[in-house]
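What follows is a set of notes on a single structure, which appears directly below.
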Amino acid sequence: MNKHALLNADMNYLAATLGHTDEVTICDAGLPIPAQVKRIDLALTHGVPSFIATVKVWLATSQIEGIVLAQEFADVSPECHQALLAEIEAEQQATGRTFSVEYISHEAFKQRTGHSRAVIRTGECTPYANVIFKTGVVF
């Protein structure tokens, strides 16, 4: 059994097989997931697991170098948006690295998920609570 926080086998495999610049999406319960992209569905019920809890575990598992967000996220769901940015800031402080933050339209975001290695679906029901992580390197 793993000693670290991530117990989900599919997410562990994903993290172990990612290469530099690969993208992974963590999304709310409602984001459409392209048929050709691997779906890792964690959603149990409304809000479980939460978007932020899932992000925290992913950040503890995988090295990132940037994120992509929908422009609408900050305006429609400011509390969740700020919580995500706080997690990103904490990760930057912990790693001593600076991550890029890119905002695109929600429509462009949905199209971009088609390039993700996987989409991790949470039970989050907050509008636009979605992030694309760009994978970095640990060296």
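Glycine is no exception: its Cβ is also placed from the backbone N, Cα and C atoms.
As annotated by Swiss-Prot, active site, proton donor applies to HIS20. Taken residue by residue with DSSP, HIS20 (active site, proton donor) is part of neither helix nor strand, so it is coil.
What Swiss-Prot records for ASP28, HIS106, TYR128, ALA129, ASN130 is substrate binding site, and it gives sequence analysis as the kind of evidence. DSSP assigns ALA129 (substrate binding site) to coil in the three-state reduction, placing it in neither a helix nor a strand.
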Pairwise Cα distance for ALA129 (substrate binding site)/HIS20 (active site, proton donor) [Å, integer]: 24
Which listed residue (HIS20, HIS106) has most other Cβ within 10 Å, given these are recorded positions: HIS106
